[in-house]
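K.L.:
According to Swiss-Prot, the active site annotation covers GLU136, on the basis of sequence analysis. The Fe cation binding site feature in Swiss-Prot is assigned to CYS93, HIS135, HIS139.
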Amino acid sequence: MTVRDVRIFGDPVLTSRADEVVDFDESLATLIDDMFDTMEDAGGVGLAANQVGVLRRVFVFDCSHVDGGLRGHVVNPVWEPIGEETQTGKEGCLSIPDVSAETTRYETVKLSGQDRDGNPIGLVASGLLSRCIQHETDHLDGVLFLKRLDPAERKAAMGVIRASDWFNK
């Protein structure tokens with residue numbers, strides 16, 4: 001398995017919509033394994049395929065450090081909110097180093113998709129896992145969490161980005 005480079009803010013792949021996965025083959029299994037290694041190496045709780053430069057609809061997550069939390073992957077994810085209750089909390093992104101901001105997400109979502117073999121999977125998630133599902137699916141739609149911020153938070157986040165060493169290389 002391999003730790004891949006995480007694409008950083010400004011890379012066009014991060015604002016591109018990922019393609020539905022139709023081939024459940026060894027290359028998909030390798031991608032998922034590499035994504036787990038990459039996420040763990042970077043210290044993240046989630047990673048979407050386009051964050052490693054691959055436009056395929058798959059993400060991995062690890063919320064196992066939270067009571068009852070899960071670790072897994074989802075191919076071709078689709079989610080819908082359960083109820084209207086929301087949660088607001090600090091959110092960051094491996095593709096936008098040093099930036100975190102208060103972001104509002106649905107508290108509980110129903111997720112469906114497939115596993116690496118094409119088998120259907122589904123779950124209901126709340127809290128951190130719900131936030132992770134929404135964040136990673138946004139990535140697969142080419143949407144960064146900055147777009148979910150209110151204008152003042154977005155302006156502050158962009159100021160941090162513009163002042164960052166990684167942005168000014």
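Including glycine, each Cβ sits where the backbone N, Cα and C put it.
Could you place the listed features in the three-dimensional structure?
P.N.:
Close to GLU136 (active site) in the fold, though at least 6 residues off in sequence, lie GLY46, LEU47, ALA48, PHE59, PHE61, PRO77, each with a CB less than 8 Å from its CB. Under the DSSP three-state reduction, GLU136 (active site) is assigned to helix.
Other C-beta atoms found within 10 angstroms of the C-beta of HIS135 (Fe cation binding site) number 23, with every protein chain shown included.
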K.L.:
Given the recorded Fe cation site (CYS93, HIS135, HIS139), which additional residues of the same chain have their Cβ within 8 Å of the Cβ centre, ordered by sequence?
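P.N.:
Checked against the 8 Å cutoff, the neighbours are GLY46, ALA48, GLN51, GLU91, LEU94, SER95, GLU136, ASP138, LEU144, PHE145.
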K.L.:
Non-local Cβ contacts of HIS139 (Fe cation binding site) (under 8 Å, 6 or more apart, same chain)?
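P.N.:
In sequence order, the residues whose Cβ lies under 8 Å from that of HIS139 (Fe cation binding site) (at least 6 apart) are LEU14, ALA18, ALA48, ASN50, GLN51, PHE59, SER95.
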